[in-house]
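According to TrEMBL, the feature domain 'Tyrosinase copper-binding' maps to 207-224, 388-399. Under the heading signal peptide, TrEMBL lists 1-21. Feature annotation from TrEMBL assigns transmembrane segment to 479-505.
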Amino acid sequence: MVLLGVLGSLLQMLFLRSCVGQFPRPCANTEALRTKQCCPVWEGDGSACGATSGRGFCQDVTVSEEPHGPQYPHTGIDDRERWPLAFYNRTCQCAGNYGGFDCGECRFGYFGPGCAEQRESVRRNFLSLSVAEQQRFIAYLNLAKNTVTADYVIVTGTRAEMGTNGENPMFSDVSVYDLFVWMHYYVSRDTLLGGPGNVWPDIDFAHESAAFLPWHRVYLLHWEHEIRKMTGDFNFTIPYWDWRDATDCTVCTDNLMGGRSPLNPNLISPGSVFSSWKVICTQPEEYNSRAALCPGTGEGPLLRNPGNHDPNRVRHLPTSADVDFVVGIETYETGAMDRQANMSFRNSLEGFASPETGMAITGQSTMHNALHVFMNGTMSSVQGSANDPIFLLHHTFIDSIYEQWLRRHTPPRSRYPTANAPIGHNDGYYMVPFLPLYRNGDYFLGNKVLGYEYSYLLDPGTRFVQEFLTPYMQEAQLIWQWLLGAGLIGAILAGIVMTTGALFVRRRSIWVC
């Protein structure tokens, strides 16, 4: 029954549109690049941005003019500066609860024909899911890896390489899963300064400063939404891996996220579907040497060798005490708001500061960073880390710790930096490389508004139902279905045996006569 359910879902996936990602297909052409306008027609009413139905309007993009910090000294060099103006200066601005690049979707936390119903979904512990739910999650991951996204493409060249009027558009198809791998690469890649190997590495629009947590919160919401659209499973949520006090990778088994190969400890076991995955965007030095962007093509197998990392860099995985101390840090950002920040909740959770003192440290990786280094493979390199599906389980738990901090300290939006953070991290900066557009400061808020909750943050009674009773009942239902099926088959077989026996007896009586 589990297999049938998964197969049914997979069949649905093949026929549904996906609607989340980076460059919308309707805007990946010479005309859109020349006019710098990305206002696709919503098919629901045939008007740009669904304007006829009042869903949204095509409007000029206004970017923040607040100064950024000194970490990036260049101007007008990188397409990500003042996002998205290098590509588009007019996009759909959606009204009310509508969202999406053409305002044909609902914004996070809402659903229904008029986007008026508020979503209430629960992200649960991956290890507490029923076997059927774990198998379904893995099936969804694998299908996303092997399904080309219908609505989005990735950019494979700089805007300058495409020509003044966009006469040489450089876009490429990509799978649903790899779209998000590419997005994580693109937001953290080095700036190309011109010529082979000439780059500015001290730049990252989603790490090492204030936007680290809001950016990844939106990233996960988009990924979750994409899976729902692709599968038709609108109850889907990304599970988390609670790694507090762990001594090894408890999700690294063949029936979960893949065990270690007996033939090569750096590879995934052949018994896992993830052993066949090919990674993308894992060779930044090679791209830089060619002054090029990641092309989005396969580059080799997924690598992982958890625990065989440099023990001087990661002494242990984060403990419950580490998490409690970090959540207790009251200030979100301090000082230069980068990896040198002291007593900064963001810097401590990201892993550039001690979870015992809150002071910035060098030569060690803690908290979030510790898990990446511990995995000792593809996940240990920032630009290519999202290739490993454990990335999702890990970052979902990081998001839950962010949520703990928001609930404990209830910070006003004014606590989020409005100016002088490293480029891309100020409150008013649009997140790279998302289309539709999202401002960093808009996601310095609790997750209930965004339509989801974490099971371990629920009240005890509700948590018991979500994490223990629900999986138990689902397993019991599957066992009952199996028993019922076995009973029916047994009854049929018994009937056949009895009928055969009766015929045999009758024939014998005839022979005797």
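Cβ atoms here come from the backbone N, Cα and C positions, even for glycine.
Averaged across the domain 'Tyrosinase copper-binding' (207-224), pLDDT for the predicted model comes to 98. As a summary of secondary structure, the domain 'Tyrosinase copper-binding' (388-399) carries 10 helix, 0 strand, 2 coil according to DSSP.
Sorting each residue of the domain 'Tyrosinase copper-binding' (207-224) by its DSSP state yields 13 helix, 0 strand, 5 coil.
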